[in-house]
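Student: Please read through the structure below; I'll follow up with questions.
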Amino acid sequence: MISVAPKVNQANTSLKLDLDNLTTEQTALEIKDLDLYYGDKQALSKVNMNIPKGQVTAFIGPSGCGKSTLLRCINRMNDLVDICRIEGEILLHGQNIYDKSVDVAALRRNVGMVFQRPNPFPKSIYENVVYGLRLQGIKDKRKLDEVVEQSLRGAALWDEVKDRLHDSAFGLSGGQQQRLVIARSIAISPEVLLLDEPTSALDPISTLVIEELINDLKSKFTVVIVTHNMQQAARVSDQTAFMYMGELIEYSDTNTLFTTPNKKKTEDYITGRYG
C-alpha cells in the first residue's frame, strides 16, 4: 500500500471492469496501436486501451507526456495541426474515426470537448447553449427553450442564470462560464465528453462544483478527463491511465492504480518522486 497516494473516492470503485476484455455493450471507444507524429517527432507510441461507457476515465502524467495529445485524437482536433500524422485506429461503434469516409463535423458533435479555459461565445447565455442546435437547423422555440433548461440543469447552472438567460455570457464568473461551456457541449447530446484540464484556471470552490458535476454527467455520458491534479483524478474517475513520454504505462481502475500500481514508473509518479 502506498500511503502518500491520493485518496480515492470510494463511490467510484463499486464496479470494477476488466478493461482488456470489455463487451461491445460496455465499450465506448477502442484505441488500437495509436502512434502520433508532429513532423519527425513521435508524441504517442503504440497506445492501446478500451474506454468504458458511462464512466469517467482520467489521463494523468507529467507535462508533455502526451495525455492532452491523446485526448485531442478522440475527436480529431489534431487534424488542425498541419505537421501532425496519425497511425493506428480509434474505434467508435466499431468504425475507425480516422477513416476517410468519416464526417469530422458529425464526429465532433458526437464527441464534445471542453478546454482548459472557459471559452463562451460573445453571445447571450441562451444563445451559447443553443448554438450547436441552430447550426443543425433547429428553429422551434419551444424545443430550444427545453434544451436550454435541460442543458443548464445538467451543468448545474440553471438556478444561477434562469432569470438572466439573455444577458452576456461574459458577465458570468469563470466557474459559471466553464459550466456554461459544458452545457453548450451537452446540448447537442454527445455520447462522449472530453474535458482537457477543465478546472486548471478555476478557484478551489469552482473546481469542487465542476468535480461534483463530472460525477453527475457520467449517468448520461462517457467522460474522459485530462488532469495534472492526481487528487482530482482520484476523486472523480473510475479508471485512470498513466502516461509517460508518449507511452501508456499503466491503465486500471482508479483504486488499483493509486494504491497498488503494477509499474515502478507509476508508483514513482503518484508518490511524487518525479513529475
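Backbone N, Cα and C define each Cβ position, glycine as well.
Below, the features straight out of Swiss-Prot:
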type    : residues                                               : note
BINDING : Gly61, Pro62, Ser63, Gly64, Cys65, Gly66, Lys67, Ser68 : ATP binding site
DOMAIN  : 29-270                                                 : domain 'ABC transporter'
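Can you walk me through where each of these features ends up in the structure?
Tutor: Long-range neighbours of Cys65 (ATP binding site) (same chain, six or more residues apart, CB within less than 8 Å of its CB): Met243, Tyr244, Met245, Gly246. According to DSSP, Cys65 (ATP binding site) is assigned to coil rather than to any helix or strand.
Summed and averaged per residue, pLDDT over the domain 'ABC transporter' (29-270) gives 96.
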Student: Take the mean position of the Cβ atoms of Gly61, Pro62, Ser63, Gly64, Cys65, Gly66, Lys67, Ser68, the recorded ATP site. Which other residues of that chain put their Cβ within 8 Å of it?
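Tutor: Same chain, not in Gly61, Pro62, Ser63, Gly64, Cys65, Gly66, Lys67, Ser68, Cβ within 8 Å: Thr69, Met243, Tyr244.
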Student: Most Cβ neighbours within 10 Å: which of the binding-site residues Ser63, Ser68 is it?
Tutor: Ser68
